[in-house]
């Protein structure tokens with residue numbers, strides 16, 4: 001079998017079974033509560049709501065998240081986006097139920113406990129206080145605007161669920177009914193929250209029953225299909241309408257005019273739709289808060305955090321698809337939403353408990369948002385080679401980041417922020433629809449606009465800015481390849497935000513408001529998201545790749561604990577000595593990281609050197625001997641280095657070459673020097689020699705995969721005697737299992753000997769066109785065993801049919817005479833240009 005890393009998607013089950021069942025069971029749980037409330041007139045309270053919330057998180061959230069992850073692995077754009085999106089919905093709705101249950105008094109069981117306590121011991125002030133505290137909810141929970149927060153969260157999901165129902169109609173028949181019923185259910189759930197009446201609960205319960213029925217049938221259909229390897233129950237395999245009816249492929253949006261050509265056919269689905277999905281939910285929730293509909297952002301922060309975690313998943317899958325631009329953009333937006341959500345949570349609590357003047361003073365001292373503004377501007381510049389939708393979306397994100405600059409007075413801040421959220425959410429909603437339909441059709445059916453600047457022109461401009469007077473081909477290359485720099489952009493970004501957010505800690509150390517507001521800015525970017533960056537580095541397999549982000553995660557988490565929460569907790573001088581020991585350990589570890597960075601590039605080395613100075617400042621602060629001006633200067637330099645590292649890494653991985661320099665390594669790796677002139681990575685045989693053909697045939701018989709010439713382009717070939725070799729072709733190409741592999745034979749006579757049940761008309765057609773570039777799709781049967789396909793019968797073609805080629809090429813024909821039928825496919829990574837020269841195959 002293939003290695004676990006390279007499993008083709010065909011070896012995964014049907015995740016749609018798990019996804020639809022999770023939706024159905026979650027709807028059934030809500031149905032029971034709705035019908036019970038409508039019948040008795042008594043709403044669920046306390047533990048009942050908490051247990052329902054936990055079940056919704058586990059079933060609708062976790063189980064459906066697993067289904068979404070597997071769907072992305074199966075190259076299923078729609079199911080991957082829908083299941084992860086609905087996982088965020090059910091997880092958020094479950095959290096709302098938990099909040100609701102925790103905010104309600106618990107009386108039934110605790111009354112008995114109080115009676116027992118009274119009988120066992122004389123009542124005291126302590127037991128009375130304990131009873132009063134356990135029979136009532138905490139004050140802050142009871143004051144939360146939970147219904148308003150729930151409505152603010154449900155509204156964007158209603159719109160997005162409607163889009164998913166519409167888009168799913170272009171794929172199959174069952175999912176539109178499931179997603180459509182979810183849409184109506186969410187609508188009436190929102191009405192039930194805002195209206196004190198039983199009829200919305202009854203209607204919602206009926207719709208949830210429909211969700212359960214549709215989900216059970218759809219799951220059964222997919223389960224039977226997975227067992228029988230064909231569609232038995234109706235509902236899948238045929239759409240309600242053809243996606244091509246939505247439009248025609250615009251020449252302006254062809255692959256060459258998209259500026260940055262992305263791989264569209266890999267073993268992972270396209271995460272752009274999921275990214276825009278998440279970018280629709282977060283601004284919608286903040287929109288309701290900005291315009292005053294929601295007065296506290298406690299529950300809203302939970303909703304935004306859950307959908308931001310889904311957005312990090314879109315960044316992860318963009319990384320797996322080697323799409324550095326989207327991976328960085330999704331990570332940037334997730335960091336922004338997480339930071340803003342928890343900042344607003346802290347701010348909403350402070351406005352109630354602290355004087356407005358102190359809050360305004362603390363906000364105005366913060367400068368971390370300016371890093372988002374600059375990075376958003378850089379992202380806008382880099383995206384000029386993309387379509388108009390992408391450029392517009394980045395321009396609106398720049399407007400959004402400017403609207404949250406803390407130097408704006410509170411009186412106009414929320415109006416500006418609310419309007420920006422409205423515009424950004426509208427663009428994201430349209431982007432979700434466009435990307436989902438276009439990825440399903442694999443064509444640009446929904447207009448996204450032309451590119452403002454060609455990719456070559458933008459690359460030349462950036463190159464000239466960095467190297468005036470030098471040719472593009474003369475640019476120095478960094479030590480690491482541009483592909484390996486994909487996580488680096490996020491690494492520099494998160495550290496830059498954390499450093500700039502901590503910049504004025506010295507001058508504002510006496511401001512309690514500043515200390516509280518700075519906690520989410522440093523902790524989210526420097527610790528939480530950087531943990532995600534560390535995971536990307538581990539996934540990339542780079543040597544020591546995850547060590548630096550993991551270490552800096554610990555640094556910023558400790559920094560937040562001591563510098564921001566420490567004064568609030570009033571840590572004693574004796575308690576500071578523990579942080580002193582930790583700071584010394586940080587200094588020693590970072591010294592070793594400087595040695596590692598010396599093997600990388602100058603930017604990374606400079607970052608670690610400046611971090612050493614920052615850690616010296618941290619050590620001095622634990623000893624109460626900190627020169628604050630030195631710390632401010634070092635953090636500012638650190639932020640500038642991070643800003644350049646973000647830009648250079650983003651540009652290089654976007655254009656897949658070293659456009660902006662990262663600097664050569666200070667220490668050359670001896671192993672890399674020895675590999676500067678590597679030998680050919682595979683045996684190369686001369687196809688003009690008989691000995692060369694015999695060598696290739698032996699390799700094929702031994703289970704190898706070979707690049708061979710054909711009458712069209714070069715192809716990867718595997719012997720049908722070795723099914724394992726055919727699996728390796730899928731792994732080598734990153735080819736989706738939904739795209740079958742055809743077989744190649746030497747002549748029509750080889751096919752005649754197998755005696756397939758073809759019509760006389762088909763035989764005549766084959767004799768007229770073969771050998772040649774025509775491929776014939778015919779039904780499978782026992783004749784394939786006689787042809788020699790036997791062991792690979794289930795690995796080539798589909799379940800019912802197979803494509804046959806007879807290339808008009810002497811080498812290929814002689815090779816098939818020696819080995820028998822070959823399974824072939826074009827020699828290129830899926831979605832990339834075909835190989836027209838043997839050097840391209842070797843590379």
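Cβ from N, Cα, C; glycine included.
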Stated TrEMBL location of transmembrane segment, expressed as one of 104-124, 125-145, 146-166: 146-166
Chain residues in Cβ proximity to the transmembrane segment (413-433) (below 8 Å; excluding those fewer than six residues from its ends, i.e. six or more beyond): 156, 159-160, 163, 167, 272-273, 276-277, 279-280, 283-284, 286-287, 290-292, 389, 392-393, 396-397, 399-400, 402-404, 446
Long-range environment of the transmembrane segment (146-166) - Cβ separation under 8 angstroms, sequence gap at least 6: 78, 81-82, 85-86, 89, 92-93, 96, 99-100, 103, 175-176, 179-180, 182-183, 186-187, 189-190, 193-194, 277, 280-281, 284-285, 287-289, 293-296, 298-300, 303, 425, 429, 432-433, 436
Remote residues contacting the transmembrane segment (201-224) - C-beta distance under 8 A, at least 6 residues beyond either end: 14, 16-17, 20-21, 23-25, 27-28, 30-31, 34-35, 37-38, 174-175, 177-178, 181-182, 184-185, 188-189, 192, 231-236
Remote residues contacting the transmembrane segment (12-32) - C-beta distance under 8 A, at least 6 residues beyond either end: 52, 55-56, 59-60, 63-64, 66-71, 73-74, 76, 79, 82-83, 86-87, 90, 93, 174-175, 178, 182, 185, 189, 204-205, 208-209, 211-216, 218-219, 222-223, 225-226
Range from 52-70, 367-385, 574-595 with most C-beta pairs under 8 A to the transmembrane segment (82-100): 52-70
For the domain 'YrdC-like' (690-843), mean pLDDT (0 to 100): 83
Criterion met for the transmembrane segment (367-385) and the transmembrane segment (52-70) (at least three Cβ pairs under 8 Å): no
